[in-house]
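Here the structure comes first, spelled out in structure tokens, and everything after it is commentary.
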There are 2 protein chains.
Amino acid sequence: MQVIADPSGFRAAATSAGKPLVLVPTMGALHEGHRALIRKARELAGPGGTVAVSIFVNPIQFDRANDLAAYPKPLEADLVACEAEGADLVFTPEAGAMYHPDRSVTVTESLLSRNLCGATRPGHFDGVCTVVLKLFLLSGADSAVFGEKDFQQLAVIRRMVRDLDVLVEIIGHPTIREDDGLAMSSRNVRLLPEHRADAPRIRRSLIAARDLLGGGERPSAALLAAARAGIEDSPFARIDYLELVDAENLQPVERVERPAVLATAVFYGEVRLIDHITLRP
Amino acid sequence: MQVIADPSGFRAAATSAGKPLVLVPTMGALHEGHRALIRKARELAGPGGTVAVSIFVNPIQFDRANDLAAYPKPLEADLVACEAEGADLVFTPEAGAMYHPDRSVTVTESLLSRNLCGATRPGHFDGVCTVVLKLFLLSGADSAVFGEKDFQQLAVIRRMVRDLDVLVEIIGHPTIREDDGLAMSSRNVRLLPEHRADAPRIRRSLIAARDLLGGGERPSAALLAAARAGIEDSPFARIDYLELVDAENLQPVERVERPAVLATAVFYGEVRLIDHITLRP
């Protein structure tokens, strides 16, 4: 396994590596969810292909300086995980090598990124699009694997690939969860013990809304109220957003008549967790 | 020579074509200036390589609907010119095939595009960056040739390539001029005869300023005044902008101490012409 920090060195290694090249873009702090993405990439690349993992805490997608500063960076453990899951190339650039001091070009998305995480994190998805496009173009990836946990991110990236004619196949991988249902996240390790114990209510509350729909309740207001009650019953949880949107264009819906997504972001102290559930009428 | 309107057909043809592939992005209405770009591309591609010309009047870079509607589209003559100059592939997409009705992703440039043409044409360079990136990614071009006449466009595209890690070499080609010094442009054919006769004063006025600098006059105000007087002496010309900027970052300068560019856009009736001259201290 080669570990490369220099962008042009990474490009050179990726260009001469066996094809197909499957990329797994991450911000490090790899947990079982990421490991599942790398395993999926290994399966897709096959024995002759190449699995490239990028580990880069992308500063331009953080809207809060304290969130960026607090983001864990356990590089040594990450490299052990990459190696164990069969990665061939790991790209670990410094921010200064990815972004020129006078950089002035950004990829912007103006529809799917408007609400949900985009509403409360201005510029976040533009930062995501910009870095992901750079990673696609540096690696020349044939395909790239992303977790479905970040479902809005996945939708925005698919849209970018479509609208800019990027020649890469985007593969979504189901959310990996702890035994108690909490979606795996690099931020989970920052939760206080009492917050960690409380956090599975997020998933339970989304399931409660889905069960209500299963019982025939289609108006969004009722489904949102059920999920909200479940989360707000906590002494710790503070809802950042809770929205019910169309599964395709991510715009809010009044009733569930087509596939929709109930999505939430919840603060426990300074730690912000996201989760979602797909609702089918 | 293959003429292809379908983006995926163009991608397939470009992918299987001989390398290197040299792209010449145009909006059609090809004149001697474009033909010089295609000849340059032919020279760069060599006998085994491929010259691809795109002909696409990109709607999202027009800020004025009448300018878009009036843009000439002499496709048959353009194809004759492409064939005569040795093009192998010509890409002639419809706007509807390049842009989805709900497209939401744009490439934006926020520094070099702020003044000059950018100040009076909001969104213009974002439209240019977006379409040029799409053309790079569809064609997989190894290099691309652009006219230096659109020097701000060339600077913005170079910046995009740098900031987004696009794997393409950008080649600038000197401005081609009519015998009387007027820069060749697809818009020249729309000039009234008396405007066409008057328009060479643009170039003469820029040269007058350069001569003044040659005589030791370095303050921008004096150089701008000289050029302005030369243009405004016309009964027809109306200055859109006249600016003296640093050659590298395109920001206005007070004095010419490093290479700078004196650039102007001038309206004759509804027709807007641009030209510039490089000033070296």
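Placed from the backbone N, Cα and C atoms, the Cβ positions cover glycine too.
Predicted automatically and left uncurated, TrEMBL annotations should be read as such.
According to TrEMBL, the feature ATP binding site maps to A:27-34, A:147-150, A:Ile176, A:184-187. Annotation source TrEMBL lists active site, proton donor at A:His34. Annotated beta-alanine binding site per TrEMBL: A:Gln61, in sequence order. Taken from TrEMBL, the feature (R)-pantoate binding site covers A:Gln61, A:Gln153.
Known features from TrEMBL, placed on the structure.
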residue: A:Met27; record: ATP binding site; DSSP (3 states): coil
residue: A:Gly33; record: ATP binding site; DSSP (3 states): helix
residue: A:Gln61; record: beta-alanine binding site; DSSP (3 states): helix
residue: A:Glu148; record: ATP binding site; DSSP (3 states): coil
residue: A:Gln153; record: (R)-pantoate binding site; DSSP (3 states): helix
residue: A:Ile176; record: ATP binding site; DSSP (3 states): coil
residue: A:Ser186; record: ATP binding site; DSSP (3 states): coil
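Shown are the binding-site residues A:Gln61, A:Gln153, A:Ser186; the one with the most C-beta atoms within 10 angstroms of its own C-beta is A:Gln153.
Using a 10 Å Cα-Cα cut-off around A:His34 (active site, proton donor), the binding-site residues A:Gln61, A:Glu148, A:Gln153, A:Ile176 reduce to A:Ile176. Comparing the Cα of A:Gln153 ((R)-pantoate binding site) with the Cα of every entry in A:Met27, A:Gly33, A:Ser186, these being the binding-site residues, the smallest distance points to A:Met27. Rounded to a whole number, the C-alpha distance linking A:Gly33 (ATP binding site) with A:Gln61 (beta-alanine binding site) is 21 angstrom. Between A:Glu148 (ATP binding site) and A:Gln61 (beta-alanine binding site), the C-alpha separation comes to 18 Å. Summary for the binding-site residues A:Met27, A:Leu30: the Cβ-based neighbour count within 10 Å is maximal at A:Leu30.
The CA atom of A:Ile176 (ATP binding site) is located 23 Å away from the CA atom of the residue listed as 'beta-alanine binding site'.
When Cβ atoms from all protein chains are considered, those within 10 Å of the residue listed as 'active site, proton donor' total 26, not counting its own. In this structure the C-alpha atoms belonging to A:Ser186 (ATP binding site) and A:Gln61 (beta-alanine binding site) are separated by 16 Å. Around the Cβ of A:Ile176 (ATP binding site), the number of neighbouring Cβ atoms within 10 Å comes to 18. In this structure the C-alpha atoms belonging to the residue listed as 'beta-alanine binding site' and A:Met27 (ATP binding site) are separated by 11 Å. In the structure as shown, the Cβ atom of A:Glu148 (ATP binding site) sits within 10 Å of 17 other Cβ atoms.
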